[in-house]
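Report on one structure; see the data block that follows.
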Amino acid sequence: MNSQVTNQINQVGHLTIGGVDSIDLAREYGTPLVVYDVNQIRHQIRAFKKVFEEEQVDYAVSYASKAFAAIAMYQVASEEGASTDVVSAGELYTALKAGFPMERVSFHGNNKSKAELEMAVKKHVGKIMIDNFYEIDLLNEVLEKNNSEINVMLRVTPGISAHTHEYDQTGQVDSKFGFDIESGQADLALEKVLANPRMHMLGLHAHIGSQIFELNGFEMAAAKLIEIAVSWRKNHDYTAQVINVGGGFGIKYVAEDHPLKPEEFVKAIIKTIKSEAAKNNFPIPEIDIEPGRSIVGPAGYNLYTVGSRKDVPGLIPYLAVDGGMGDNIRPALYQAKYEAILANDPRKKTIQKVHLAGKYCESGDILADTELPDVKPGDILAMLDTGAYGYSMASNYNRNPRPAVVFAENGQAQVVIKRESLMDLVHLDQSYNV
Ligand SMILES: *Cc1c(COP(=O)(O)O)cnc(C)c1O
């Protein structure tokens, strides 16, 4: 049995999530269903904060909300004292609707539109994470027009490739994100921002990738950021107050994954920054992190109902469920691996290898290659650790409605995103008058 859920089996032998029987959830709200154990979200935010408190440094734990953005999620993050990253007008709007404190919002993105920058300026977000020269000019235009000022950070590409799947690498030199360092772009960007009285330069940002398991990449990035900050103090008489090392802390998806606890990465980052700062007689800056996956990934479960099955002699059978790439595209998009368990009997012995197939019309719509017990149509399967980049990447492909999202905590469940209806699917359509 999957050891992750040992403590989540109730008296009738069902998987529980946030103290709620998963089969009751499936019955009441239907499948496919996304369920979050809210306590686990809170727990991870607190674990990150604790490390900073223990190390006695100024900090911000900025939840990278692209991992899962919803009003309820911003509410929980806000309640836990987290900051948040947004990357679009839509995420910013959702955070606003949640009453998220705007001063704790950072606006990211490699091609923010003028309208998005305008919204960010008018709503007084805490920081604009400037990504490129075009954005410096665009932001200046918006600030002048609105006679406003704003805090900014510069995103740089530290030239570090963390060992991870290629699509998850964002910190190497050949990247669409941020200012290059070696060629002097970052220095030039600094000069431009310092010369602009409407932009208050707070510091430096780098995000080296996602689902990273090695400490090394983070330590190198942290050291590199201090190195740049030191050179900026020397050459530009500018002392960075904030160093943001991004997110990307890897989580366990399958038995073969052995990540450190997310907060262990942060410990190492703080140690590196402290020692590199001390070596250079540089004041210890505020240290910000931007975890997304590690906060919501392990807290999420996708519940599916088992349907058809295809057996071909000598081959691994295909077992189909009522969801798939429309609610979790990660397996199809970057061969992400997941484990699935039989929610109505997690202790039942696994006896077969299956291709767990979705219902979408693509051969690549396989959610997992996994081992399962003997299952029959109507059984409920739970995919584990689906909380990050699952629902947030959901689509209406094949005109399937997106699932509902439920928050479960202390034995109580609440729908926080309603299931789409068939009517929702056509509500933007207009008939063509010929
Ligand atoms: C996506 C992203 C994150 C979060 O990454 P995770 O792997 O989910 O922790 C943090 N910072 C930036 C800039 C990002 O683009």
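The first residue you see is number 1, and the count goes up from there.
Cβ from N, Cα, C; glycine included.
Among the candidates Tyr389, Tyr391, Tyr397, the residue that TrEMBL names alongside Gly248, Glu290, Pro291, Gly292, Arg293 for the pyridoxal 5'-phosphate site is Tyr389. A Cβ distance below 6 Å to any atom of ligand 1 is met, among the recorded positions Gly292, Arg330, Tyr334, Cys361, by Gly292. Local packing around the recorded positions Lys66, Arg293, Arg330 was summarised as the count of other Cβ atoms within 10 Å of each Cβ; on this measure the leading residue is Arg293. Mapped onto three states, the DSSP output places Arg330 (substrate binding site) in helix.
Ranking the binding-site residues Glu290, Glu362 by other CB atoms within 10 A of the CB puts Glu362 at the bottom. Here the C-alpha separation of Glu290 (pyridoxal 5'-phosphate binding site) and Lys66 (N6-(pyridoxal phosphate)lysine) works out to 11 Å.
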